[in-house]
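Peer 1: Take this structure, written in structure tokens, and hold onto it; I'll ask about it next.
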Amino acid sequence: MEVVKESEPNTTTMRKALLVINCIILSIGNCAGPLMMRLYFIHGGKRVWFSSWLETGGWPIILFPIACAHFYRSRTQPSSENKLFFMKPHLFIAAAVIGILTGLDDYLYAYGVARLPVSTSSLIIASQLAFTAGFAFVLVKQKFTSYSINAVFLLTIGSGVLAMHTSSDRPANESNREYVLGFLMTVGASALYGFILPLVELTYKKAKQEISYALVMEIQMVMCLFATGVCTIGMLVNNDFKVIPREAREYELGETKYYIVAICSAMIWQCFFLGAIGVIFCASSLLSGIIIAVLLPVTEILAVIFYNESFHAEKGVALALSLWGFLSYFYGEIKQSKENKPALETEMASVPNRQE
């Protein structure tokens, strides 16, 4: 029985460490991804489908950690149990469907970033938490506390405040119609990804095989593969492949930096997607949505510093409401964990007695 008692804390510790790692990966992708995408647009980039393609086009990068995991298993497990890919057909189909939805979401988000300042689009994306919470309640029966409900409410109100004066930070040479359409597209992207996160968690729960982190990486790769396929079709229809070489030559920062921006963008967005589904694996889709929303102030500050974007009163009010919501959620989580700890310790202490 000592082996069992020791393995449980070790498993918990490993999962906590994995959660921290995925939170860091998600933070890098969530903060740097929008900035890199906006960098493409403000210096002469105009291809929305190409920009959305870059969000998932770096999926071959995932093959490297999958190969490393396979190499590690080959040294610790019998060869009969060690496979390069573990995904079964039904799970592959589920990941493919989610990938197609992700491809559509990529386009909606890229269109919004092309029309809106990063600080504005980031605040709109904060409404994603409300959609994530609603879909998580319906799909995976997510339990809510008064603190999490308060957080979702405040974040939703914050997005509403921002929508009251959408044209006040409209970029130069952009019509009011384009700006409003960009606003609506970003809201649509927020709603769709708010649905995708709980859908990933539901896929984990309904999978007829054990979900390991190696399998999570496979799911990520398949999702991005099919999302890239959707964006590739859009690029073909829009003749992006013919235009990209000319656009690179005319790019304000130079042709070389054009391709550097594209490559870095593809790599950074992989951090976002892997981090997001990794957090779902270690915790829940709601926590993944919360972390994405929590990073909003960082993206706000970076956008103001690097791109000299305006920060008017509506953004200030929306940001304050967002921060209030974040603090409410985490205070509730800390309080609940303290209340659950004595009960958990009592249950663990009773295990040896029952064994005896």
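Cβ coordinates come from backbone N, Cα and C, glycine included.
These came from TrEMBL, pasted as-is:
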TRANSMEM  17-41  transmembrane segment
TRANSMEM  53-72  transmembrane segment
TRANSMEM  84-104  transmembrane segment
TRANSMEM  116-140  transmembrane segment
TRANSMEM  147-167  transmembrane segment
TRANSMEM  179-200  transmembrane segment
TRANSMEM  212-238  transmembrane segment
TRANSMEM  258-281  transmembrane segment
TRANSMEM  286-307  transmembrane segment
TRANSMEM  313-332  transmembrane segment
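Where in this structure would I find these features, and how exposed are they?
Peer 2: For the transmembrane segment (53-72), same-chain residues at least 6 beyond its ends with a Cβ under 8 Å from one of its own Cβ atoms are 33, 37, 40, 82-85, 99, 102-103, 106, 109-110, 213-214, 217-218, 220-221, 223-225, 227-228, 231-232, 234-235, 240, 262, 265-267, 269-270, 273-274.
Tertiary neighbourhood of the transmembrane segment (179-200): same-chain residues 98, 101-102, 104-105, 108-109, 111-116, 120-121, 124-125, 127-132, 134-136, 138-140, 142, 163, 166-167, 170-171, 219, 276-277, 280, 285, 288-289, selected by CB-CB distance under 8 Å and a gap of 6+ residues from either end.
Taking Cβ pairs closer than 8 Å, the transmembrane segment (286-307) reaches residues 23, 26-27, 30-31, 34-35, 38, 42, 117-119, 122-123, 125-126, 128-129, 132-133, 136, 142, 148, 151, 155, 194, 197, 276-277, 279-280, 315, 319, 322-323, 325-326, 329 in its own chain, all 6 or more past its ends.
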Peer 1: Any residues 6+ beyond the ends of the transmembrane segment (212-238) with a Cβ under 8 Å from its own?
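Peer 2: Here the qualifying positions are 18, 47, 49-50, 52-53, 55-59, 62-63, 65-66, 69-70, 73, 85-87, 91-92, 95-96, 98-100, 102-104, 106-107, 200, 203, 270, 273-274, 277-278, 281.
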